[in-house]
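Reading through the structure tokens given below for one structure.
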Amino acid sequence: MSRTARTGDSPARTGNSPAGDSPAGDSATGDSPAGADPRVVRPAPPPDEGKQGHAPNRAAARVRTSVTVPLRCGERTHRATVATFHDLVDAREHLAVLLGPPHPAVPLVRLHSECLTGDVFGSERCDCGAQLDEALTRIAAAGGVLLYLRQEGRGIGLYNKLDAYRLQDHGLDTYAANRALGMDDDARDYTAAVQMLRALGHDEIDLLTNNPDKRRQLERGGIRVRHVVATAVHLTAHNSAYLQAKATVTAHTLSMEGLRH
């Protein structure tokens, strides 16, 4: 399973300061030393107080550091850059994974919410692991960014998600199970994703998703979505009801054909 081959032990490469402050031998211009990754993101200096020009809930985030990691995407290993951030509005440890040809004019972007059971263990109750595999492969080909967001269980957390699974086993759909626990259908907020994209220099993107709420929230935050690129339908023997609920309750753009066994 390709998900188990996604970490590498290559030496960490920390981003350097902006041009003019870079140490010798690692230019912040295009003249990188041989073998350097052109996608490595240079951390920005702390903003001057009172000069950010952002509303309080849209404060600027900054790249904290970036490292090069070989990632298995489909049948190939690709050299990715993984970036971390300062000053994210929710203070969570979200990651940006930069893949493919460097500096695309309009990057292909996927907002992927953490799913331990699907991403790591290969659970077939959802389509998360398959979507992660698909996104990494497509971004590696096109050039762009996967934002890995720490929003387990659509924002309700791992234990609550597993409690919701138990209710689903007794007949509730994924959203009704959340409500039975006193939780929102979808508790995710993408303000941090907006901050991350801006910190990476992206104001316009192509968005890989079947979830219309992601586009709405990004555009509300000032990110222009040029095109929405549909994800595939990842049907298993165990997730048909889950996919049907996403299509009917939250208007995900999933074809209903073939979703019933």
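In case you wondered, yes, glycine gets a Cβ from its N, Cα and C as well.
Those TrEMBL annotations? Automatic predictions, nothing curated.
Annotated compositional bias 'Polar residues' per TrEMBL: 1-19, in sequence order.
Across the domain 'GTP cyclohydrolase II' (79-228), the DSSP tally of helix, strand and coil residues reads 56 helix, 35 strand, 59 coil. The domain 'GTP cyclohydrolase II' annotation in TrEMBL covers 79-228.
According to TrEMBL, the feature region 'Disordered' maps to 1-63.
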Please give the average pLDDT for the domain 'GTP cyclohydrolase II' (79-228) in this predicted model.
96
